[in-house]
Amino acid sequence: MLTKFETKSARVKGLSFHPKRPWILTSLHNGVIQLWDYRMCTLIDKFDEHDGPVRGIDFHKQQPLFVSGGDDYKIKVWNYKLRRCLFTLLGHLDYIRTTFFHHEYPWILSASDDQTIRVWNWQSRTCVCVLTGHNHYVMCAQFHPSEDLVVSASLDQTVRVWDISGLRKKNLSPGAVESDVRGITGVDLFGTTDAVVKHVLEGHDRGVNWAAFHPTMPLIVSGADDRQVKIWRMNESKAWEVDTCRGHYNNVSCAVFHPRQELILSNSEDKSIRVWDMSKRTGVQTFRRDHDRFWVLAAHPNLNLFAAGHDGGMIVFKLERERPAYAVHGNMLHYVKDQFLRQLDFNSSKDVAVMQLRSGSKFPVFNMSYNPAENAVLLCTRASNLENSTYDLYTIPKDADSQNPDAPEGKRSSGLTAVWVARNRFAVLDRMHSVRLKNGVPAVGLKLNDLIQRLQLCYQLTTVGKFEEAVEKFRSILLSVPLLVVDNKQEIAEAQQLITICREYIVGLSMEIERKKLPKETLEQQKRICEMAAYFTHSNLQPVHMILVLRTALNLFFKLKNFKTAATFARRLLELGPKPEVAQQTRKILSACEKNPTDAYQLNYDMHNPFDICAASYRPIYRGKPVEKCPLSGACYSPEFKGQICRVTTVTEIGKDVIGLRISPLQFR
């Protein structure tokens, strides 16, 4: 959310944008109407004639008018140029919830707790139609933006669509004013056929607080006390529920369509505004306040601006920043668009992409600083949480290919803003709001948390069976650990634990890859396959991966008729708490093994004698036997492999005498 303007006041119950000027009307729970300039952040005027809360407010599209409706049962039409109320419309018998002007005709639509909807002619200052049918408070009623339709929402749990084409024909025919005057009494007492119910939309389980038409499509959105936002589609003959957006955990106060994107915005008494993807029916953004419930939403008719009213005032905002980051030098404009840095020549109007930006940040580039001397740019990304803000330093390629711009490696570091101050120096505003001067590229340190995040990716690759790719990723993490600089003993221990995890997975997965390549024709080959599967069960793995390893060993040993050993694998597997179907199958195998607890063949595997796995031969090195180790990973090898390259790291010498891992100043004291 990009906040453009915010006010503090009594609870805001109604909002309306001016279609042309940077103005917004707010109607407050204390009876005051405020007119704000959200661009200049100033209060232009306020109007205080209602007695009690004002819930309905709307600007006229062409005239200098606005309409308001309040808990005093009054509808007031105001002229903001004259700064006064022109007249008051009386007729409702209870609180007025919403008031809206028609986009074309001189009509006002009002919804009330007296269970009726009224259409008023503000030129003749009369009620021209009463829409009856709801049997509880009518919380909202709005005109369709282009058709002769009205949508209403009520606490009777329904949304109704009304056809008012009869009213339009009656009021546009000759003698319309006379017919209005003659029909007032009939309207008030009995209703008329000027407006008929076209569709009744039932689907909400509690009262409906808001309903609105889509600007261009035959869709309706509604929000209700059942905490749901529903999307409805209609045609000439029927209307039906399309889908439901769930996620709010209190009453939904208001819901509107985005005028130009496939999005829905809703707000709620759960103190949040949510943005929904119409095609996927999923939430894409959530904005929260700590203490204020939201009551109303408004969308600007022409701009990508929205406003939301809450307990403590209102906020005008955009969903995202629309202005691209740019820098001008001479006749050249550099700007960012769609993950590319582009260059526009003002003289020739030639616009080309000069390089692709690195991915990885979900936030758009906020601003740019260009260095013509070095042909380099600083691109700053501003996160909603300022502590996560970063900047990137790029050198623009001299021979950039506009058709296939490459992606040069940028240098990223943390900071709110970065600007060039000399040919090879730039200043950075850090998160403590202190300015630091830096020379050349920013120092990008490798962080322990980065490696831990990469470890999660390795776990995912292991789970889906991409062992070769996982081994490469584990090895990359292991070789990155010596490049760390950490501050305390806990981080030293975590780094060493990271090495141990990577070693266990690399040895185990490499052995599994090798096992799958072995032929299975002879008995000796089958025995070797079983041995390697058994060794793998002694690797130190995550429980979810150990379950997979034990299942493999269990099945292989059961097929080989080594039932005694298979039973031990089954018991170890059940101790890890596998899924019910896996546990059921394992118990069946265990039951079969216990009926004949013998091993048909003698294998080179003693589960009761602790051993390490040789990372080269994949054979056990039992306790007490000579062993050589890799100085970095700690992988174990038989003595004949001393002096060779470690199979785990691929860069270290087996059995080399070294001082050990040094990644902290504490280790040199």
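Every residue gets a Cβ built from N, Cα and C, even glycine.
Note that TrEMBL annotation is computational and uncurated.
Taken verbatim from TrEMBL:
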| type | residues | note |
| --- | --- | --- |
| DOMAIN | 425-669 | domain 'Coatomer alpha subunit C-terminal' |
| REPEAT | 5-39 | repeat 'WD' |
| REPEAT | 47-88 | repeat 'WD' |
| REPEAT | 89-130 | repeat 'WD' |
| REPEAT | 131-165 | repeat 'WD' |
| REPEAT | 201-242 | repeat 'WD' |
| REPEAT | 245-286 | repeat 'WD' |
*Stretch with greatest number of CB pairs under 8 Å, the repeat 'WD' (5-39) reference, 47-88, 201-242, 245-286 candidates*: 47-88
*Which residues, given as numbers and ranges, are at least 6 beyond the ends of the repeat 'WD' (201-242) yet have a Cβ under 8 Å from it?*
136-137, 139-140, 142, 144-145, 149, 151-161, 248-257, 259, 264, 266, 268, 270, 274, 276, 278, 281
*Average pLDDT across the repeat 'WD' (5-39)?*
95
*asked:* What does the DSSP secondary structure composition of the repeat 'WD' (201-242) look like, as residue counts for helix, strand and coil?
replied: 0 helix, 25 strand, 17 coil
